[in-house]
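S.K.: Starting off with a structure, shown below.
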Amino acid sequence: MKNTTEDATSTQDLDPQSDHSSDYLPQPQPRRLRGFAATAAGTNSTGKGKKEREKEKERTKLRERHRRAITSRMLAGLRQYGNFPLPARADMNDVLAALAREAGWIVDADGTTYRQCLPPSNMGSFAARSVESQPSGGTLRTCSVKETLENQSPGLRIDECVSPASIDSVLIAERDSKNENYASVSPINSTDCLEADQLMQDIHSGVHQNDFNCTPYVPVYIKLPAGIINKFCQLMDPEGIRQELIHIKSLNIDGVVVDCWWGIVEGWNSQKYEWSGYRELFSIIREFKLNIQVVMAFHECGGNDSSDALISLPQWVLDIGKDNQDIFFTDREGRRNTECLSWGIDKERVLKGRTGIEVYFDMMRSFRTEFDDLFAEGMIDAVEIGLGASGELKYPSFSERMGWRYPGIGEFQCYDKYLQHSLRRAAKLRGHSFWARGPDNAGHYNSMPHETGFFCERGDYDNYYGRFFLHWYSQTLVDHADNVLSLANLAFEGTKIIVKVPAVYWWYKTPSHAAELTAGYHNPTNQDGYSPVFEVLKKHAVTMKFVCLGFNPSNQEANESLVDPDGLSWQVLNSAWERGLITSGENAIFCYDRERYERLIEMAKPRNDPDHRHFSFFVYQQPSLLQGNVCLSELDFFIKCMHGEMTGNL
């Protein structure tokens, strides 16, 4: 009865308001029921433990990604601002070795590290005073260094335990404490010090001087203006074109780039191609013996910043779009972008019985047949394939027509019914059908990353759903490139194929790289988003053309939008070179000064690259060489440097 009373008392303590204590007395249970209860309790505890372990795994992954993001930013800073030649997959051993070498130490391949002595020719009187005698045992007397320092600087005393290799740091500390010139405590006399300083200046000037004589020859092409052929495929000003080509030829430029617009060639009727204006243009170019690169432009021209496009998509395509607007890219609010066709119809027969990639292939095949003579002559030496907005491999996420302004993060363009169907299929295959949606917290065109729940630091872009969605979004871009390039190689067999990759450099210093994500490149700090793209380009033996900016952002711009064009260029070019891709470049902004020319040249043929990699050619964009705002002498200097013919200092 004692136990029963205690049980009743303890139960009443649980519910002091109850007057029915007997209701809470423990009732004896059958043995089988007690066993079932124990099993259920064990199952519940096991389930809770499993959930806790899963949560801890996720937290561990997040911590690891955060650590990698910090390491990535540190490595990028060392490469960009310290010119450290760190490999793409550098670890802490590489960093320590680079820092040691920068400090004057020698680091062997096996990790052995030691300080290198100055050559006798550069040591001057210091060498004579440092080594007064050499005993028969072969050990050099280094105490004379200490004696010399103490004699020349009475206030300086060196501890006996200080090694000779540490004397440099002692001298620097003494100099800092007394605010004296380093020469006053240096054992090197003034003449030797001046000679050493001059030697170091000569070395640095030899590294940084812009002497491009005998550097690799990089061909330069000039891009002709888009409006030289009207919508009826007629050459507008043949005499003006001749004058332009006279200037181009006088500058020793290698060739020209001509856009062949889908909206002109097949502008009015499906599978009715008109090439007469281009035939006349190519005949004029032939007179000047210039090579031609042709761009298969499957996008509109001039419509990004105004309501009326200079060259739109074919009229028959726009007519189809009136009844089926889902053939165009669509943002979250349902607004259609007519700059180019959605990649969701690449294999959908919605264009008068043809798929998207069949339409592209038919135009490419028509061009190859029409100008077979120019291909046979070698006059047309390359064909660039337009794969997205502005002819670049990207989604139209930064449309000024939709209200976007730099440096907005842009919006995902995946809300047409064809891409939504693809997303639902991918989510079902993954086993999470509820993931078949775009993110609802990704902001709008002009949002900043930190203003959104998706792109902010540790935002949804890096959780399970975010990684699934971004992988699908970027894989759609990769698949589009793969499909179109397969047919391009079939149409232009034996001809160099080019693909242009964009430079989305704003918000590059944030963990999410938000603008790159909306453009289709899954490239946060803990992942290389360009690798899958370049694997496809390598598969089709394509030349990658990168859009080069040629300018340094202002401090305000760098602080507000965390831009890093140099960091992006370094990542993209090194990722391409590591995969053996042939690379080339094109300036994004018109150049009018020497500084921008210098940056373009350094990007095209980086002289600090130990593997001596460089662009295979460079495309120079300028409105017209006949305009007064073009400095021909500066352009001539730029071309000579690209050709490896210019000696001098930029």
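Backbone N, Cα and C define each Cβ position, glycine as well.
Straight out of TrEMBL:
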- 1-15: compositional bias 'Polar residues' (COMPBIAS)
- 1-64: region 'Disordered' (REGION)
- 47-192: domain 'BES1/BZR1 plant transcription factor N-terminal' (DOMAIN)
- 49-61: compositional bias 'Basic and acidic residues' (COMPBIAS)
- Glu392: active site, proton donor (ACT_SITE)
- Glu586: active site, proton acceptor (ACT_SITE)
S.K.: Show which residues of the chain containing the residue listed as 'active site, proton donor', separated from it by at least 6 in sequence, have their CB under 8 Å from its CB.
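M.R.: When sequence neighbours closer than 6 are ignored, the residue listed as 'active site, proton donor' has Lys500, Val501, Pro502, Val547 within Cβ distance under 8 Å.
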S.K.: Within 10 Å of the Cβ of Glu586 (active site, proton acceptor), how many other Cβ atoms can be counted across all chains shown?
M.R.: 23
S.K.: Take every residue in the domain 'BES1/BZR1 plant transcription factor N-terminal' (47-192), average their pLDDT values, and give the whole-number result.
M.R.: 57
S.K.: Taking helix as H, G and I and strand as E and B in DSSP, count the residues of the compositional bias 'Basic and acidic residues' (49-61) in helix, strand and coil.
M.R.: 13 helix, 0 strand, 0 coil
